[in-house]
Number of protein chains: 2
Amino acid sequence: MVSDSVNNYIDEHQNYFVQRLAETVAIPSVSSSAAHRPDVVRMGFWLEKELKGLGASVELRYPGKQQLEGREIDLPPIVLATYGTDPNKKTVLVYGHYDVQPALKEDGWATDPFTLVEDDKGRMFGRGSTDDKGPVISWLWVIQIHQKLGLDLPVNLKMCFEGMEESGSEGLDELIYKEAALYFKDVDCVCISDNYWLGTTKPCITYGLRGVSYFMLTVSGPGKDLHSGVFGGTVHEPMTDLVHLMQKLVTPDGKILVPGIMDDVAPVTSEEDAIYKALDFSMNDIYNAIDAKNTIHDTEKNVLMSRWRFPSLSLHGIEGAFYSPGAKTVIPAKVIGKFSIRSVPNQEPAKLTKQVVDYIMSEFAKLGSKNTVHVECEHAGKSWVADINSWNYVAATKAVQKVFNVTPDYTREGGSIPVTLSFQEALKKSVLLLPMGRSDDGAHSINEKLDRSNYIQGIKLLSAYLYEVSTVQS
Amino acid sequence: MVSDSVNNYIDEHQNYFVQRLAETVAIPSVSSSAAHRPDVVRMGFWLEKELKGLGASVELRYPGKQQLEGREIDLPPIVLATYGTDPNKKTVLVYGHYDVQPALKEDGWATDPFTLVEDDKGRMFGRGSTDDKGPVISWLWVIQIHQKLGLDLPVNLKMCFEGMEESGSEGLDELIYKEAALYFKDVDCVCISDNYWLGTTKPCITYGLRGVSYFMLTVSGPGKDLHSGVFGGTVHEPMTDLVHLMQKLVTPDGKILVPGIMDDVAPVTSEEDAIYKALDFSMNDIYNAIDAKNTIHDTEKNVLMSRWRFPSLSLHGIEGAFYSPGAKTVIPAKVIGKFSIRSVPNQEPAKLTKQVVDYIMSEFAKLGSKNTVHVECEHAGKSWVADINSWNYVAATKAVQKVFNVTPDYTREGGSIPVTLSFQEALKKSVLLLPMGRSDDGAHSINEKLDRSNYIQGIKLLSAYLYEVSTVQS
């Protein structure tokens, strides 16, 4: 069988793949730092050279400039690559990013963050190991392995690797929409390689994301900050109005109080309910993640549904009020409450904003205050959910079953991964997230790691996925 | 009459007094700046030299050291002076301060802040003119005038002039309590020269201050800050609990919701009510002061009673939450709400704290949250009110009537002036505040000024007050 020879090759050459990963980890492609911008570009060039070496056609797209640390600098290139153009094959678009989060040894890393170090448990520590260099370069190895074994890839591959994911993906959305009918026109499905297993033992496929609507609620009163000794008791204080409004938004157990806001939330289907029974997740996972036991719910299913498929409202803070340690007797003149709603299908941002604004204006009127209020949605991203019975998901499921002998968890994310929605909306093709790393990899933390087994089995998974895509009924 | 000759002398020599004020304004005795500390000390020495020149016995008391701008420096001296020790005369203790607020031309001053400049309306601009050099040195002129006229002072004078009032009066309280039965042992009454008229046309005597109890309300939940995408909906969020608790403290129209807290508020007497009818104050004064019209009350009396004689509760801000401009999707792990209650007679800080803590704990229990709460009073200062029918006030009232041909406003302050309470509690003698400047002097602002008429009439007032003290029935 093809898969046996591919998998054997991967097993036999795993030290080579680890060594190549070490090569990329050694390039400190930190996108948030102007000083590291040349390293980010160098990492883009590394991919270009490797891909060209494999015979892919490669284009570096420069999205423009950005302001960073007080100066204007070039954004790093988006690496677009095509490998195979056979009209009889399906075309799979894969996405990943080659930039990384900042990392300094003195942040608390046990080893140098830009030197890949493997311990005796097969944990390979290094910035970018799991987020997202391991997954990105694995696509290159899949091509290389097939060439070494004299095999054709069963699909055409298009690749889109960006260098700004950790810094807002500047320029990517424009490119996706612009190239939807051009560079990406033959794409049949999209696989995003930038996510993690729910737990540590079982692969997953991610099929949904919550959206987010971020609100600014401003209450203005006096023309300037006042001293509470002189003016306490005489003026309508904006902070008082603001906390009265903020507490009207959500209860201590997380119930959103905005009228009508739950009306459009898609009901839980029995199929969906069944997914939750199989998940590799326990209450201890969340207790460990939050370093406390103050969960609203006490069962795994309710915790995950609250995270993934029900909306939530969080109060983030207040701008304009006193925030330092110590005591200050100020009456702030203007305060801005910040809160956001994580939205879910089928909530629409525009309707949600109207519900929130109408409610706040109506609650403010009840306060009888002479202050003024203004509320607006500062930005909104839609939620996303895919049909796990569609052929792209069936293919990924079969690939997981073949490589891992287990049916994957079907997971969603509570946060947004905007590129997912961009591909979905621009290309109108099935998008899925097929993670390589584990929940405990510490993607943005010190001592980020990728397990050797996740890396090696992950390469097999990507290869297997392409075969399943090529044969699945679509 | 003695008063005629004194007043004539003052009128005839007013340019001399103005020139001497200019001399002191030229010394930039900014107590908050290490660079200006030598100037503060120089101003203390100036007072010592002048007082000794007048034959007073003077002691410079050095309260110790302080940390300022990262280094340890000496606190400026407290100038103690005695003029007259006749056991047959009353002894009046006067207090003022010789340090000033910072001032830079580039802050927006129309003229150099440390050069006294008089305009054609008799407004004498300069840092410290009204706060508090004009009032302080006027006591020296009262002595000098009597010497020039060959008159004895009708009372013994003790003086206490500090150089740290604008920076927390460090060291003063210790001295007051220590010297209560020593240096201050013969004191019969206290006159504080550091306050302002309520308006701009009518002198006042200040007979009350509110206290302040400052609270820290801490809600703790997860072990670290969380991302609202990943954890929104799954944990009890401390910010949610906190705004629910904070809005339970006070209504938008300033009503304090802590049970029992109003029980000890002294009722308004008819005598007190009458005071408010005579006050030089209009709604426009507060509109101008707050640069808005968002007052809770629409009548002068209610505004001033709310400021002076009823408690108020202000929410100052939150430590630990997101406070910057822009959007951040954080769930803060631990937030500290800051609020304070301005207390009034006969509220006792210890009882008030218990009422607040009991209420918050009981309201928190109702929230059904798994977070933890802690509330404590960070500091408390008592309120103060004097009997305006006591002999010290009768004397001051008569003095105002003689110099200004008007009965003074009897005012209180919404904020605390801690030295007042310290003298009251340490010496157990009648304390009053006898202002020289006007409400529009801009004590801590740019273009601080003292009107020539306030200065010159003020010197007359201080002299007249001493005569009235000497003859009033005590």
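Glycine residues also receive a Cβ, built from the backbone N, Cα and C atoms like all the rest.
Per TrEMBL, active site is recorded for B:ASP99. Counting only residues at least six positions away in the same chain, the Cβ atoms of B:SER29, B:VAL30, B:SER31, B:VAL40, B:MET43, B:PRO76, B:GLU162, B:GLY163, B:MET164, B:GLU165, B:GLU166, B:SER167 sit under 8 Å from the Cβ of B:ASP99 (active site).
Look at TrEMBL and you will find B:GLU165 tagged as active site, proton acceptor.
Annotated Mn(2+) 2 binding site per TrEMBL: B:HIS97, B:ASP131, B:ASP194, in sequence order. Taking Cβ-Cβ distances under 8 Å and a sequence gap of 6 or more within the same chain, the neighbours of B:ASP131 (Mn(2+) 2 binding site) are B:VAL100, B:GLN101, B:ASP194, B:GLY437, B:ASP441, B:ALA443, B:HIS444, B:GLU448.
DSSP assigns B:THR329 (substrate binding site) to coil in the three-state reduction, placing it in neither a helix nor a strand. According to TrEMBL, the feature substrate binding site maps to B:ASP194, B:HIS227, B:THR329, B:ARG342, B:SER416, B:HIS444.
Residues or ranges marked as domain 'Peptidase M20 dimerisation' in TrEMBL: B:207-364.
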Quick check: of the binding-site residues listed here (B:HIS227, B:THR329, B:ARG342, B:SER416), which one has the Cα closest to that of B:HIS97 (Mn(2+) 2 binding site)?
B:SER416
Same-chain residues at least 6 apart in sequence whose Cβ lies under 8 Å from B:ARG342 (substrate binding site):
B:ARG210, B:GLY211, B:VAL212, B:PRO311, B:SER312, B:LEU313, B:SER314, B:GLY414, B:GLY415
So which of the recorded positions B:ASP99, B:ASP131, B:SER416 end up next to chain A, with Cβ to Cβ under 8 Å?
B:SER416
Give me the non-local Cβ neighbours of B:HIS227 (substrate binding site): same chain, 6+ apart in sequence, Cβ-Cβ under 8 Å, ordered along the sequence.
B:THR329, B:VAL330, B:ILE331
Nonlocal neighbours by CB distance (under 8 Å) for B:SER416 (substrate binding site), same chain, sequence gap 6 or more:
B:LEU209, B:ARG210, B:GLY211, B:VAL212, B:GLY381
Take the Cβ of B:HIS97 (Mn(2+) 2 binding site) and count every other Cβ within 10 Å, whichever protein chain it belongs to.
29
Enter the number of other CB atoms within 10 angstroms of the CB of B:THR329 (substrate binding site).
21
When you look at B:ASP194, B:HIS227, B:THR329, B:ARG342, B:SER416, B:HIS444, which the record names as binding substrate, what is the longest CA to CA distance in angstrom?
51
